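What follows is one structure encoded as structure tokens, with my remarks underneath.
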Amino acid sequence: MLNEDELRDSVLLVFANKQDLPNAMSAAEMTDKLGLHGLRHRQWFIQACCATTGDGLYEGLDWLSATLQKAK
């Protein structure tokens with residue numbers, strides 16, 4: 001889907017939720033499973049988070065906001 005021509009200038013934020021659980025996937029594992037290293041010329045970011053506590057949510061949104069501001 002991200003290889004579609006219409007999305008070539010888009011950025012990608014992935015929230016790695018449930019990081020409070022012992023068997024949660026690491027950011028490196030998620031990068032491999034999602035094949036993010038293959039996304040050339042595209043900005044992407046994985047933010048570890050825990051939705052129940054809110055940890056990491058603002059950091060991810062801050063990255064997204066800053067990245068979109070730079071693109072203007």
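If you go along the chain as it appears here, the first residue is 1 and each next one adds 1.
Glycine is no exception: its Cβ is also placed from the backbone N, Cα and C atoms.
As written in TrEMBL, here are the features:
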- Asn17, Lys18, Gln19, Asp20: GTP binding site (BINDING)
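Long-range Cβ contacts of Gln19 (GTP binding site) within its own chain (separation 6+, distance under 8 Å): Ala48, Cys49, Cys50, Asp55, Gly56. Taking the Cβ of Asp20 (GTP binding site) as reference, residues of its chain lying under 8 Å away and at least six apart in sequence are, in sequence order, Cys50, Thr52, Thr53, Asp55. When Cβ atoms from all protein chains are considered, those within 10 Å of Lys18 (GTP binding site) total 14, not counting its own. DSSP assigns Lys18 (GTP binding site) to coil in the three-state reduction, outside any helix or strand.
Other C-beta atoms found within 10 angstroms of the C-beta of Asn17 (GTP binding site) number 17, with every protein chain shown included.
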